[in-house]
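A short write-up of the structure that comes next.
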Amino acid sequence: MVSPAPSSDSTPTATATQESAAISSPAPTPADPVTKDVQTYRKNGKHWKAPKTHFKPGPSNPYSLRQKQDAARAATKALEKQMRDEKAAEKAARIAHIKEKREAAEEKARYAALAEKMHKKKVERMRRREKRNKALKER
């Protein structure tokens with residue numbers, strides 16, 4: 001049988017230096033927090049992912065600050081709504097104007113086509129009568 005070779009740590013000088021190092025370094029006191037820098041491997045094998053920490057909600061804003069933020073948010077929202085409404089009104093006005101122009105052009109073309117077939121005065125009488133009937137319908 002082969003006996004194990006004596007290690008360098010078992011020499012009397014090595015143990016003396018270790019003891020003196022242990023004596024010279026002060027023991028951690030309860031006031032000194034001991035930090036663990038030891039990181040163990042994850043069981044599931046995802047070593048590349050950052051380790052999860054406990055959820056610690058931060059300090060919340062005071063109520064008065066939240067009220068100010070809500071008021072500012074509401075003012076911004078109201079301004080945005082007003083701007084959207086103005087834009088929609090402008091678009092509706094443009095569309096209405098275009099429709100009126102188209103209707104007028106169609107009516108003019110229709111009366112021009114009728115004027116070719118009939119007498120001019122008869123077409124004018126028809127136009128006046130149609131306008132009266134249209135006004136009565138819109139009431």
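Glycine too: its Cβ is placed from the backbone N, Cα and C atoms.
Residues or ranges marked as compositional bias 'Low complexity' in TrEMBL: 1-26. Summarising the annotation, TrEMBL assigns compositional bias 'Basic residues' to 43-55, 119-132. What TrEMBL records for 1-74, 119-139 is region 'Disordered'.
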Query raised in the report: Which residues, given as numbers and ranges, are at least 6 beyond the ends of the compositional bias 'Basic residues' (43-55) yet have a Cβ under 8 Å from it?
Result: none
Report task. Go ahead and report the DSSP secondary structure tallies for the region 'Disordered' (119-139): helix first, then strand, then coil. Result -> 19 helix, 0 strand, 2 coil
